[in-house]
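K.L.:
Please see the structure below; I have some questions.
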């Protein structure tokens with residue numbers, strides 16, 4: 001298929017080349033195309049938000065392996081994440097549609113498997129995004145609860161410890177705010193995307209300088225890069241096992257770069273800007289995240305105390321470390337609370353981007369008739385915003401968080417579910433690219449040339465590996481609901497339900513992406 005396919009248009013008509021390309025792929029231009037390449041990058045970078053990811057999952061990294069699993073594990077994960085991102089960018093350049101991953105799977109899996117591949121990829125993507133919204137916004141509610149606790153005297157000073165119902169109410173309020181913001185026109189959302197990217201970059205820059213400068217007690221370089229914490233209190237003692245589980249922090253912290261793909265129908269020069277957004281957001285997040293991680297680890301000295309539920313921050317390691325560092329330097333922990341406030345703003349902005357990305361993906365999935373009540377979700381308002389599906393994502397994310405009332409461990413698995421759900425959705429079209437479509441794939445302006453297959457296989461094998469690792473028990477013995485790893489149940493449930501729905505009903509009517517134009521190639 002030529003990149004310069006000409007459609008039949010009347011002489012003298014001025015047709016946007018992005019709209020032509022979208023028309024060629026089978027869709028009308030319905031969303032407002034007002035984003036630049038910079039805005040596309042900003043949405044992904046704000047969605048990844050390493051300041052959010054690293055801070056909120058630092059306890060996991062510290063408990064499973066400690067400094068070495070985070071500082072060096074981050075670099076290992078970064079290499080393979082880049083392979084996945086490069087392969088996704090190459091496919092995005094060839095197929096710049098908001099459907100992204102599930103559309104790519106349909107085009108690359110071959111006619112025999114196209115509709116099933118599209119169906120499964122789409123459901124892993126949308127469920128992973130719902131879990132990501134729940135994970136990010138609930139993490140913000142928990143962080144705000146810790147900030148309130150420290151601001152009112154701390155856990156050992158009579159500070160206010162919010163109940164699980166209060167935290168859920170805070171979470172609901174955050175979700176509603178994110179729904180309202182995502183109901184605004186794309187110009188306003190673009191502004192929030194830019195603010196999110198700037199806040200993350202500037203925040204990391206300031207905190208990276210401030211935190212080590214304030215700390216009186218700092219670990220040596222050897223501790224930061226080689227210390228392996230095996231005292232996790234979870235009954236796991238095998239060093240390799242501990243390191244493997246500790247990789248979750250790094251894997252979770254750099255996720256969400258498919259946002260650039262889901263925003264391409266609103267981005268100018270989509271077949272170039274989309275791939276650029278994917279690659280640059282991952283590269284910037286990797287570098288900034290590692291620097292920020294080193295800064296945080298520079299105030300970690302007493303790991304058991306930081307993880308102890310009896311400390312002033314209730315076991316929130318980074319909050320306690322920052323509070324202690326400022327208190328020892330200035331006699332007050334207010335500076336640490338301010339730092340946590342800066343992180344909270346980053347998490348809030350990340351939540352906005354999560355809802356945005358999910359709404360565009362679910363809009364496209366509904367456009368192709370894959371979701372129940374698709375006609376309801378596949379609607380845009382007068383501002384060309386898919387309003388109904390924005391609030392669908394908010395509602396589903398709230399329902400997901402209700403599991404926190406029964407078991408905090410069950411809800412904490414939401415981070416793993418978001419990570420694996422999203423990465424499985426990332427890997428499926430890449431797998432089809434390097435197998436069934438290896439010889440037939442027609443690249444866009446951005447391509448990897450002869451290295452495309454090798455890079456793609458590296459990404460696919462990595463995702464398969466972490467899927468197994470994150471499904472392993474995280475505590476021994478597995479005796480009750482508080483030590484059970486719910487991740488394989490949830491991920492397996494998505495697979496079972498999606499394939500089951502396909503076999504029983506969807507295979508009779510879902511044929512993959514549905515075109516809504518009369519002329520396409």
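Note that Cβ sites are derived from N, Cα and C of the backbone, with glycine treated the same way.
Okay, these came from TrEMBL:
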TRANSMEM  41-60  transmembrane segment
TRANSMEM  72-96  transmembrane segment
TRANSMEM  130-153  transmembrane segment
TRANSMEM  165-185  transmembrane segment
TRANSMEM  197-215  transmembrane segment
TRANSMEM  276-300  transmembrane segment
TRANSMEM  333-355  transmembrane segment
TRANSMEM  385-403  transmembrane segment
TRANSMEM  409-432  transmembrane segment
TRANSMEM  453-472  transmembrane segment
TRANSMEM  484-504  transmembrane segment
K.L.:
Among 41-60, 72-96, 130-153, 165-185, 197-215, which stretch has the most Cβ pairs under 8 Å to the transmembrane segment (385-403)?
P.N.:
165-185
K.L.:
To the transmembrane segment (276-300), which of 41-60, 165-185, 197-215, 484-504 is linked by the most Cβ pairs under 8 Å?
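P.N.:
Most contacts with the transmembrane segment (276-300): 41-60.
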K.L.:
Using Cβ distances below 8 Å and needing 3 or more such pairs, separated by at least 6 in sequence, tell me whether the transmembrane segment (453-472) contacts the transmembrane segment (197-215).
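P.N.:
In this chain the transmembrane segment (453-472) does not contact the transmembrane segment (197-215) - fewer than 3 Cβ pairs sit under 8 Å.
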K.L.:
Determine which residues of the chain contact the transmembrane segment (484-504) at the Cβ level, with the cut-off under 8 Å and only residues 6 or more beyond its ends counted.
P.N.:
116, 119-120, 123-124, 127, 131, 409-410, 413, 416-417, 420-421, 424, 467, 470-475, 478, 510
K.L.:
Is the transmembrane segment (333-355) in contact with the transmembrane segment (165-185), using at least 3 Cβ pairs under 8 Å (sequence separation of 6 or more) as the test?
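P.N.:
With 3 or more qualifying Cβ pairs, these stretches touch.
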